[in-house]
Amino acid sequence: MPPTKRRLSFDTAEANAPAKRHRARDTSSTITTPTLPPKDFISRVSDEVLVRILSYMNESSLLDVGIVSKRFHAIASDSQLWRPHYYRRFVLPRAHRIPGFKKARSTSSLHSLSKGNASGADAADGALAWRKPASTKRWNAGQEQVVDWVDWKKQYRLRHNWARGRCAVEQVDVHNSKEQTAVTAPPEWQTLIKVVEGIAVTADSVSGLRAWDLRTRQPIAQASLHFDRATRLRPSCLAVDDTRLGRGQVDVAVGFEDGTSGVWRLDAHRNALRLLCRQEKSFLGGLLAIAYGYPYLLTATQLGFIALYTFSNPSADNTSDAGDDTDNEVAREAYTQSPDDIDDDHVTLPAPYLLTSLKSHSTQGPLALSLRKNAASVVASIAYTFNTVGGWSIGIQDLDIRPSGAVTSRVASSLPTQIRSGHSSPSSSPLQPSVYRFGSPDEPGPTKLRYSHPYLLATLPDNTLVLHLCTSTTSSLIISSGIRLWGHTSGISDAEITPRGKAVSVSTRGDEIRLWELEGRPSSRSVAVRPRLQEAENSLSMDDRREGSAPRTPTKMDLDDGRRNLVGFDDEVVLVLKEASDGRDSLMLYDFT
């Protein structure tokens, strides 16, 4: 057997093991962690350098950077960073439609704009297309002035929402409970509405004339329309003149069903509506349409009369002559050069003087009136419809008003539109009130006409619109052939269009609103407004909201129970006046900001 090792006992092995060496702790010195080089290079970079770096990013990258920190949010929201993006997406495509616009020059202009020095020869090539957005000039009641600056990120978001139809919707009641008890059988089109740069003006026989601030959704001024009369006069037409908007003032002209009219001035600084002129009597019939631009007032009546008034009484020799007397013309210009001449709080306009009148025996409704100012004259336009052999046409008559008081006329008409075999062309007859019913299905032809030079927009009973382009010179007036616009799936209740080709149309039920960009591309498709609706349980009932008069988000049921709708809009909001079946009127405000 192999020899076995001798095992040591436990005590012997532990005794023979080498002793461990204990390390004494040195309390005199502490072990320090080696410092790493700093990795936060951004905090030491100036804002100017960061703006320069972010200027090379696209829109989505700027939005992603803006959520990193408060500092990056402030820098990524810099207005000058969004200016070239706004130009590239919304201005440059429009500029390319201008004849003779060269892409190379526009690229150099864009490079200059991105640096913030869009002046001189570099920006001259894009000057026709590079205009300050109209929505930058809006009334701001908090600052008591008209804001005239540009937030390019806000403008980009606004135009982006318009292009997508994205908006928030709120509902504001027009009448309170006391006013509704007095209205048992509301007449058709009880309330009228106009919108101008952040201010909405409404007129009705119950509450009178009111002005609303679209930012606060609250009325800021109110005036009565009754003038101590036994019966309430129902306003039948409404027009606004924003010439004095730079001073926070808007002139409002109201026409009544008895043929009279009145002019008020809204002072947004003082939240007041002041009467400037009131016409007491009229023998031409109830007013159907009105247009106002100081010193001229244009009206149309149910009996077929078109009357042009002036608030400065010209002498007889000036009106009979074509304006050859230079001295009289200069005096005339000095007298009516601007509405700034009537600036005192207690001044009123004189009684309107009838400058000229027209009588038609063959036209039919609807019609549209407008007043626009040129360099040397004021043009009053009347758009109307009339019957032709087997169809109908749209005509326009321009009244060119010289400073001397001389009036010249130009007339143009569109090509006839044939009526389907199921309809018969009615015989020509004088204008009657029944002819001007809003879109009667028994009458062929347009149900609405809207004219903002150079665009003439007509709504038809077959759920479509027709767009005409009008070309006007000192010696001629031409109406282009109509372009049919498709998109609505139900009857069109109202439509509006601006001189820049932006249009909004609303269906009869109010559940379909479409946006149109018609400038330079009339065949483009429309965009349906798709508001963000709140859940039904989050919205309060109408009775609970009346005392607070606060706006609320409507439910789907609220949007569908209306009868007819009027629409008005500016660059930021679309305002639909919704007339419910029980006579309750409400303002549906679609905010795209």
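Cβ coordinates are placed from backbone N, Cα and C, and glycine is handled just like the others.
From the options 1-35, 316-350, the stretch TrEMBL describes as region 'Disordered' is 1-35. A mean pLDDT of 90 is what the model gives for the domain 'F-box' (39-85). Sorting each residue of the repeat 'WD' (485-526) by its DSSP state yields 0 helix, 18 strand, 24 coil.
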